[in-house]
Each structure stands twice: as structure tokens, then as C-alpha cells.
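Here's what TrEMBL has on this protein:
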- 1-24: signal peptide (SIGNAL)
- 55-76: transmembrane segment (TRANSMEM)
- 114-134: transmembrane segment (TRANSMEM)
- 146-169: transmembrane segment (TRANSMEM)
- 181-200: transmembrane segment (TRANSMEM)
- 212-232: transmembrane segment (TRANSMEM)
- 368-467: domain 'Calx-beta' (DOMAIN)
- 498-597: domain 'Calx-beta' (DOMAIN)
- 738-756: transmembrane segment (TRANSMEM)
- 763-785: transmembrane segment (TRANSMEM)
- 819-839: transmembrane segment (TRANSMEM)
- 851-871: transmembrane segment (TRANSMEM)
- 891-914: transmembrane segment (TRANSMEM)
Amino acid sequence: MHSQRAYLSVAATAFILIVPAVAANCTNTLENNCRDGLLLPLWNPKDQLCLSDRILRGIAYMLALIYMFLGVSIAADRFMGAIEVITSQERTVALRKKDGSKVKIKVRIWNETVSNLTLMALGSSAPEILLSIIEICGNGFLAGDLGPNTIVGSAAFNMFMILAICVVAIPRNEVRKQLHLNVFLVTAIWSIFAYIWLYVILAVSSPGVIDVWEGLATFLMFPLTVLTAYMADRRINLKKFVPMRYRADMVGLRAFSSELELPKADEDGTVDLLLLLKQKGRNFNIEEAEFEQQRREYLGILRQLRQQMPDAELSTLQEKATYELTKRAKKSRAFYRVQATRRLIGDGNILEKSVKETTSRLKKRSSAIKPKQTSTTCKVSFNPCHYTVLENVGTVRVRVERCGGRPDLTVTVDYRTEDGTATAGSDYVANRGTLTMGPNCFEAFIDITIIDDDIFEEDEHFYIFLDNLRVKSREGFPVNPETVATARLAMLETPSIATVMILDDDHPGVFSFENDTYEVSEVAGGVIIKVLRHTGCRGKVLVPYETADGTGKAGIDYEPMEGALLFEDEEIEKSLQIGIVNKEQYERNEYFVVSLSKPVKLNASTFDEKYTGGEKPTSTLRNERLEEMGKPALGKINKCVIKIKESKEFKNAVDMLIKKTNVSLLLRTSTWREQFIDAITMNPSGKKSFKLTCITCNGSAEEEEPVKPTTIGYAVHILTMPWKIICAFIPPTDYWDGWASFICSIVLIGFITALIGDLANHFGCTIGLIDAVTAITFVAIGTSVPGQFRTENTFASHVAAIQDKYADSSITNVTGSNAVNVFLGIGFAWTIAAVYHAYNGDEFRVHAGTLAFSVTIFCVEATACIVILVVRRSKSIGGELGGPLRCKVATAVTFVSLWFVYVLLSSLESYCIISGF
């Protein structure tokens with residue numbers, strides 16, 4: 001250990017003393033570094049410093065830089081909070097449905113891709129972008145090395161180091177693959193082209209000079225990047241090149257794998273509205289597409305719920321279908337933050353509240369509908385004419401109504417039942433009789449008894465007929481219903497035939513797990529798994545089950561089990577408990593599988609005597625099909641994965657600092673008082689924080705248990721309290737829909753960034769580093785690493801890589817922000833400087849050597865990085881992130897090596913040790 005420290009000390013001393021000496025004849029000298037900054041003067045004297053003075057000053061500048069990086073990260077938190085509020089705004093649009101009625105829906109004002117490449121990119125890279133602009137303006141509109149090289153260095157750190165972390169962060173034997181490959185390819189091309197373009201305008205078109213048109217072209221590529229990414233996201237003008245396995249949905253064309261297929265909603269004979277409009281040559285807008293998508297999903301969900309809950313009322317099914325459809329809608333981080341905020345102030349679940357309000361409005365609308373009575377003829381008919389009942393309903397009441405005509409008449413009508421597929425005497429009790437509706441009586445009822453048996457059979461129906469209509473006057477004399485004078489007095493109106501559908505409830509059931517995935521802490525001791533029985537619960541059924549190894553091994557990670565669950569008659573739920581072995585590991589992510597086998601019905605008769613009469617069936621094919629339908633079956637979730645996680649208590653102390661700075665769920669603030677209280681208060685870990693469960697499971701959130709702060713937590717809180725108090729003066733995000741906080745936050749970030757630029761310049765002057773090397777190392781890492789623990793970059797990418805089902809958020813964030821940083825940070829700054837010099841009859845000169853060489857190295861390595869990511873999508877690995885241990889370690893080592901090679905070559909070229917361009 002002591003020898004290693006000695007080697008490091010010798011290496012550091014050699015770097016500080018030898019490198020400046022080697023670079024003495026280099027054009028990139030330190031003379032330009034050693035000058036007063038925009039806000040901070042240089043620490044004098046600057047010349048002839050002894051080694052100890054240089055080391056002490058370097059440490060002081062380094063500590064000041066770290067403190068500034070901490071401050072700018074806290075200010076960026078407030079900036080991102082404002083951006084989240086801005087991009088979460090919605091507007092209400094009115095749509096006209098096929099029946100002519102109007103419906104109002106809410107749509108996001110900001111497209112997700114556009115917001116990610118504009119406000120989100122600005123928020124995550126604000127220090128780098130502002131540093132480039134401030135350096136130009138504070139330098140008398142002369143080019144500097146700090147700003148542009150910081151952007152290139154930050155891009156290299158993001159591309160190589162962040163992606164390396166994301167690759168290895170995926171749990172063992174899991175992969176993450178990008179779903180929207182088109183958006184990634186567009187942003188990846190732009191991210192490489194941006195740096196190729198820098199080299200072209202620096203070394204090819206006008207070497208060493210940036211003309212006005214070059215600066216403007218660089219800046220205008222920013223909106224062009226956003227536009228092309230938006231077109232790729234919406235598949236504008238590219239539909240004819242898309243294979244048939246892609247389908248249209250409310251946001252354009254998108255690829256769907258088998259596990260993403262929506263429920264098929266066309267089995268009822270409905271026609272896809274979008275295809276119909278296209279065939280008729282009519283254009284449809286995005287609102288129509290969204291409405292049609294919701295209609296198709298709603299029908300499919302309603303069918304699934306009907307199969308799972310055959311006893312539920314129709315109103316209950318409709319409410320649950322609406323709630324499920326709302327849960328499946330795509331949500332951003334803004335939704336979860338608002339959901340957590342609403343829970344904090346006691347507003348409850350946003351989804352449940354929205355569904356209840358919608359259901360209430362529909363009920364009020366339906367209750368306001370009244371039947372029309374405009375005819376002078378008395379019309380008798382069934383209303384409704386179709387009834388669907390369960391076999392165990394007992395009695396079904398069928399309504400007959402009379403409409404119009406003279407109310408003082410007595411109307412008499414005969415009725416009778418007739419078989420359809422249902423048979424009188426075995427499925428229902430035949431009924432025949434007469435209904436009489438006296439004066440001012442407008443309805444009558446027919447009661448039919450439904451016979452409940454214990455035999456499985458297909459759904460059947462029978463009919464009820466009305467005939468022989470008679471009319472009596474008020475005095476009781478029979479009157480011919482056909483004519484009175486010249487008017488028809490009464491008539492049977494269509495429908496005069498009612499259909500009653502009997503749904504069988506004697507199926508032994510369909511068996512499945514409640515969930516397909518369970519996550520359990522190793523300290524829980526075991527996991528309880530529910531097996532559900534739906535679509536019938538008749539008879540005794542035996543359901544075998546067994547456990548199987550995944551990455552977790554039987555006897556080592558869990559207790560193996562094999563057996564069978566016995567469901568009694570009318571029993572709809574059983575549970576089994578599997579033991580988990582507590583290995584007390586800091587990090588643990590194993591899984592095993594529990595599967596159900598084919599269920600067996602006990603004491604089942606060979607066949608139903610109702611259809612055979614004790615003799616050989618006459619229709620063997622039909623009977624065999626019916627017998628097969630009557631067997632118990634497995635549902636869709638017949639296998640479930642049990643994930644074993646580490647204990648939270650082991651990781652709590654290490655993760656506390658990260659959790660305290662990860663405030664993405666509580667970014668919205670409403671008052672200055674709230675902000676100042678939060679700034680000076682040391683909250684226990686878990687207080688005012690929520691652990692969001694899967695929204696597709698129950699949509700709920702549960703509070704974490706408060707944990708007493710550690711000594712390190714108190715120290716960090718006291719250290720950062722000045723920055724928190726300063727940031728508390730920023731207006732709350734509720735003011736002006738977040739724009740007030742947006743403007744004030746960016747002003748504060750700009751001020752802190754100016755201090756960072758001065759400190760970085762003085763730090764390089766003190767230890768012998770030129771601005772170019774300082775920018776691609778200390779400043780690039782410093783402006784990126786604190787950001788990792790706010791909302792974007794490393795920490796966000798790390799969390800997104802683990803928690804997201806796909807790799808889009810982790811990778812596209814890097815490629816998109818790299819392109820935006822060049823076009824917005826360098827393009828805007830150079831445009832201002834070029835216009836200024838052109839106005840004064842001068843040229844804006846930029847030293848091409850160092851930056852051009854750095855850009856070239858980055859382009860070559862970034863291309864290799866993107867190629868590696870694309871190759872990893874092959875079947876051998878299956879995705880850009882994760883995969884087999886050897887593959888992801890090899891990828892991560894390669895990416896880290898590329899970053900070190902980039903820093904090394906760029907530094908050597910800056911000191912003229914190797915020649916550049």
C-alpha cells in the first residue's frame with residue numbers, strides 16, 4: 001500500500017513538473033491560462049512557486065471547484081423541477097365520434113421526444129452550455145479552450161463512462177433492448193455528425209476562422225435535430241417503408257413484440273376506424289387516432305374482465321375496464337411526481353379519482369334520457385329484447401311495454417316460450433300466459449324460471465313470443481285493435497320476440513397465478529403465492545405445481561417444492577408458501593420459477609347423460625368438443641418468477657446520500673415557506689419519500705420507514721445548507737406554470753458556472769494544466785458527476801437501465817444531449833462572437849489544433865461505441881445493455897478504455913508531445 005502511494009506521488013510530481021517543461025516550446029502555453037477571471041482574480045503571486053505552495057493552492061482550488069460543482073447540481077435540481085412542470089402541461093381537445101357525438105380528451109402539449117431534446121437536454125447540460133457562452137462573452141468575444149473542450153469532454157464521458165455503467169448495471173442474465181430504434185439512430189447520427197461538422201468548420205472550410213454563416217449553420221442544426229427526431233418518433237412520411245409487422249397507433253407507427261400486442265378488439269365485427277378512413281381517402285388527425293386506439297383497447301379489456309369475473313355487474317366491469325385502460329396509458333416522470341405530491345396533500349389516487357368522475361358523468365347522462373311518446377297508436381313490444389343471465393340467477397324478469405295511444409284503454413297480449421338451443425324442462429321452465437295492462441299502465445313483466453344444474457354445457461338461449469293482441473275500452477267492451485274510425489288503435493311493435501341467453505356457470509374453472517412476477521426480500525423468510533380460479537368454480541379440482549431453478553438454486557437460495565393444490569367445490573383461491581434462504585448479501589438478484597401443471601377434475605363422470613340419454617352419442621364430434629370444453633384448464637399466467645432481492649437495511653446507509661439528492665418525485669413546490677423549511681430541515685431517510693409500486697399491479701404507493709440520519713448525513717446537510725438556502729429564493733415551480741423558476745434557476749446556474757470557469761482556469765494555471773486538458777478532465781467530469789445524482793445523466797441512466805423494460809431512456813438520453821450540446825452550446829456562443837467580429841470588421845478566430853484533434857478522436861471512438869451497441873442487439877446477446885456476465889464486462893471495459901485513450905491522446909496533443917492536425 002505504501003509503495004503504491006509512493007508511485008502515485010512520484011507520478012503526480014512528474015506530471016506537474018515535467019509536463020510543463022516538455023510543453024515549453026508548445027504554442028499551447030500556460031500564459032493564456034494565468035490571467036484574472038471574469039469574477040475571480042488570480043491568486044498572486046503566480047510565478048516562482050515552490051512545490052508545496054503549488055500543491056496547497058491546487059488543493060484549495062480543487063476543493064472550491066468541488067463545492068461549486070455541488071452548488072450547480074443543487075441549482076440544476078430546481079431547474080429540472082421547473083422543466084418537469086412545464087413539460088407536464090396538458091390541453092383539452094374535442095373529438096367527434098362516428099355517431100356524431102363529441103368527446104373531450106386531454107393530450108400532452110409537449111411531445112416527449114421534443115421535450116427530451118430541448119428543455120430536458122438544456123436542464124441536464126446547462127452548466128456545460130452556459131460555460132461555453134459565458135467564456136465567450138466574458139473573454140471579449142475571443143475564443144477560449146475551456147467551454148468547447150468541456151462540451152466535447154463531457155460528451156466523451158457521457159458516451160463511454162455512462163454507457164459502461166449502464167451496461168454492467170443490468171442484473172445478471174438480463175438484457176435491455178431499445179424499442180424505438182429509429183429515434184436512437186437519428187440522434188446517434190446527429191451526435192457524431194455534430195463533431196464532424198466542428199472539424200469541418202475549424203480545419204476545412206475556413207481553417208482557424210469561424211464565419212457568421214458557419215456559426216448560424218451550427219446553431220440552426222439544433223432545431224433541425226429536434227425536427228428529424230420528432231419525425232422519426234412519429235414516422236412522418238416513412239410509413240410505406242415500414243414492414244407489415246408494424247402497426248399504427250396513436251403516436252404514429254411503432255414496433256410491437258408478442259408481449260406488447262394489444263387485446264384484439266375486432267372479433268365483434270367492428271372495423272378499424274383508421275383503416276376505414278384511409279380507404280375512403282379521408283385524412284385523420286392524431287386526436288382521432290388516439291380515440292380509436294382507446295376504443296379498441298377498451299373492448300379488449302372488457303372481454304378479458306368478463307372472462308375473469310363472470311359474476312360481476314356490467315357497471316362494475318365498465319368501471320374496471322376504464323381504470324385498467326387509464327393505467328396502461330404511457331406516463332412520464334411528471335405523472336409519478338404529481339401522483340406522489342397528490343398523496344402527500346391527501347388527494348388520493350389520481351387514476352381512481354378520474355375513473356370515478358367519468359363513471360358519475362356517464363350515469364348522469366344516461367339518466368337524463370327519456371323515452372319518446374309521439375304516436376297515436378298503442379304499440380306493445382319487449383324493451384329490452386335481449387337478456388343475458390347466469391344459470392344460477394333463479395328467475396329472469398322480462399319487460400313488456402306499451403307506448404303511445406290512448407292511456408284509458410286496457411291492452412291484453414298472449415306470450416309463450418319456445419326452445420332455441422336451450423331446452424324447456426332441463427334449462428328453463430316453459431311458460432305460457434296472458435299479460436294485461438290496464439288504463440294508465442305502461443309496462444308488465446314475464447317471469448321465467450331458469451333451471452340450475454351441475455352439468456357443464458355450452459351457453460344456450462330460448463325465445464319469448466308475443467301474439468294475439470286485444471284491446472278493451474274503459475267500459476270493458478272488446479274493441480277491434482286494427483281500426484277505430486280511420487286510425488289504427490293498437491299493434492305489436494318490433495321487437496315482439498325476446499331472446500334470453502343462459503350463461504353456464506358449471507365450468508370447473510381456469511387456474512392461474514395472481515401475478516407473473518413476485519419480488520421478495522431475502523429477510524422475509526418466504527413468499528406467499530396466490531393461485532386463482534375463475535370462469536367457473538364447479539367441482540373438486542387438483543392443480544399440480546413445482547419449482548424450477550433460474551439463477552437461484554434449489555436448497556441454496558430457496559426451498560424446492562412439488563405437490564398439488566386441492567380446490568373444493570366453489571373454492572376460488574388457494575395459496576402456497578415457498579421458503580427463501582437468507583444469505584445476508586449486500587447485493588442480491590436471483591430468481592426461480594414456480595409453474596402449474598394441467599389440472600385434473602376429481603369424481604368427474606365420463607359424460608353428461610343429458611346429451612347421451614345413457615346411449616352412444618349421435619354426434620361424436622360435437623360431444624367430444626363439448627367434453628373437452630368442460631375440462632379444467634390453465635390460464636395465461638401459469639408460470640411466475642420469484643425475484644429474490646437484498647435486504648434494504650444493508651444498503652440503507654450507503655444509499656442514503658443518493659436518496660436525499662434524488663428528489664425527482666418531489667420537484668413541485670408551491671410556496672417559498674415550504675422551500676426554506678426543506679432547505680434547513682434534516683429529514684429522516686424515507687420521510688416525504690415514496691416507494692412507487694408497479695402501476696399496472698395496484699397503482700398504489702407505500703411509505704418507507706423513517707431511518708435515523710447518520711453522522712455523514714448531518715455533515716453533508718450542513719455543508720450544502722448555504723446552497724439550499726440560496727436556491728430556496730428561486731420562485732416555486734407553481735408560479736407561472738414553472739417559467740418563473742425556470743428563468744431564475746438558469747440565471748443562478750449561469751452565475752455559478754462563471755465561478756467554475758474562473759476556478760478551473762486558476763486551477764490549471766496553478767498545477768500546470770492548460771485549459772484544454774482541464775476542460776476534458778476535471779471540468780467535464782465535475783459538471784457531469786454531480787448531475788448524475790440529480791435527475792439526468794449517470795444516476796438517472798443507471799436507475800433507468802435497471803428499472804425500465806427497455807434501454808431507450810438510458811441510451812437516447814446520451815446521444816441526444818451530445819448533439820444538442822454542440823449545436824446549442826458551441827453554436828450559439830460562436831454565432832454571437834462571429835456576428836460581433838463581423839460587425840467590427842474583424843474575424844472570429846479559433847485555434848483549430850487542440851479542439852480539432854480532440855473532436856476527431858471522439859468521432860472515431862463514438863462510432864465504434866455505437867457499432868458495438870448495434871452489434872449487441874444480435875441474438876447472441878439480445879440487447880444493448882446487460883447480457884451474459886462476460887459480454888457486459890467486456891463491453892464496459894472497452895468503453896472505459898476508449899475514454900482513457902481519448903483523454904490521454906487529447907492531453908498529449910495539447911502539450912505538443914504528439915502532433916495534431
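Cβ from N, Cα, C; glycine included.
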Under an 8 Å Cβ to Cβ limit, what residues of the same chain, 6 or more beyond the ends of the transmembrane segment (851-871), are close to it?
145, 148-149, 152-153, 155-156, 159-160, 163, 188, 191-192, 195-196, 198-199, 202-203, 772, 776, 811, 815, 880, 891, 894-895, 898, 901-902, 905-906, 909, 916-917
Does the structure show the transmembrane segment (181-200) and the transmembrane segment (819-839) touching, where I'm treating 3 or more Cβ pairs under 8 angstroms (sequence separation 6 or more) as a contact?
yes
Close approaches to the transmembrane segment (738-756) from elsewhere in its chain (Cβ under 8 angstroms; 6 or more beyond its ends):
38-40, 65, 68-69, 71-72, 75-76, 78-79, 81-86, 126-127, 130-131, 134, 138, 726-727, 729-732, 779, 782-783
Three or more CB pairs closer than 8 Å, sequence separation of 6 or more: does that hold for the transmembrane segment (891-914) against the transmembrane segment (146-169)?
yes
Per-state residue totals over the domain 'Calx-beta' (368-467) - DSSP helix, strand, coil:
3 helix, 53 strand, 44 coil
